[in-house]
Amino acid sequence: MRFLPCIATLAATASALAIGDHIRSDDQYVLELGPGETKVVTEAEKWALRAEGKRFFDITGRTSSLELASNKKQKLAVTYPDSVQHNETVQNLINSLDKKNFETVLQPFSEFHNRYYKSDNGKKSSEWLQGKIQEIISASGAKGVTVEPFKHFFPQSSLIAKIPGKSDKTIVLGAHQDSINLNSPSEGRAPSADDDGSGVVTILEAFRVLLTDEKVAAGEAPNTVEFHFYAGEEGGLLGSQDIFEQYLQKSRDVKAMLQQDMTGYTKGTTDAGKPESIGIITDNVDENLTKFLKIIVDAYCTIPTVDSKCGYGCSDHASATKYGYPAAFAFESAFGDDSPYIHSADDTIETVNFDHVLQHGRLTLGFAYELAFADSL
């Protein structure tokens, strides 16, 4: 591991901490900007890096978990189907996706002044979202389905909605619920309709429709499916790191994780004269799972894919990868054609193309159903 100035003392202290003992400092944070590239910063410096477009893990107090994650990764070997197996069922479910539901949820979700993870707004928005998830569960009558908050050292909780299957083999669908205005992180207006309100409503609607399937609702799928709504992504993948660190500690058998972060902006693509596409991220992901994701898009979406890279620590799939779990990431476009309004007051619902969100809903539903019923994982 390569250390930048002033890191050695703090890293030595961090390595002595027990896994999960995330001692925080108001003054200094340890950021991982790339494999083996770490830097100690103040909070102001942390946000300055984000404003420069730098992405990172905040690994303050987490150093001792990295070796365990590496060991876990070496043991994982998952074989995914080479074609879709449930086309008729999934196509019927896709017909139940309701584009109006995206806007119905996203409008009030983006009306919170912000969803900053350290703020009361972040806490309240998480509680509001949990209520919406519970409404879906209650209306479905599904057996044993739950939504639970996952607590962190900051006020906002992540949320985990679980659909039990016949085994503990688990498929995870993720999006992040927090928001930030990088000009004023704690106080600034940050509707974040696209980043990542669009991802939240994408997987929420897929969750609703998945529960209309009788076998899924009865717990008869071979594998368990979880929908994760991560807190603190903008602060350095904080919520997802906590979750996947705990899953590693508990030897949770996660067979696949798909992240949906920004699913609604298409103007950058079309203005560039390019076809509307699903961006498939190819760095810091599992190659085999990414190939399977492309199979899903080809089968269940009506637009093509485009390969792209997003850099180190760019969204919560990177936390799954870090802790040894196979992950993939579907994005609204190729990087560079994505929304220019993120992290500002201008990331509003008016910038979101709900037809494109629907395409992401189709792939989410197909991904979840095909892997929920995959016996060979």
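Along the chain as shown, the residues are counted starting at 1.
Cβ from N, Cα, C; glycine included.
From the candidate list ASP194, ASP195, ASP283, ASP298, the residue Swiss-Prot records in the Zn(2+) 2 site shared with GLU234, HIS343 is ASP195. Taking the Cα of CYS310 (disulfide bond) as the reference point, the closest of the recorded positions ASN87, GLU234, ASN288 is GLU234.
In terms of Cα spacing, the recorded positions ASN87, ASP261, ASN288 all stay beyond 10 Å of GLU234 (Zn(2+) 2 binding site).
Around HIS176 (Zn(2+) 1 binding site), the same-chain residues at least 6 positions away in sequence with a Cβ under 8 Å from its Cβ are ASP196, GLY199, VAL200, PHE229, TYR230, ALA231, GLU233, GLU234, GLY239, SER240, ASP261, SER315, ASP316. Long-range neighbours of ASP195 (Zn(2+) 1 binding site) (same chain, six or more residues apart, CB within less than 8 Å of its CB): SER179, ASP261, MET262, SER339, ILE342, HIS343, ASP347. A sphere of 10 angstroms centred on the C-beta of ASN87 (N-linked glycosylation site) encloses 13 other C-beta atoms. Between the candidate recorded positions, GLU234, CYS310, HIS343, the densest Cβ environment within 10 Å is the one around GLU234.
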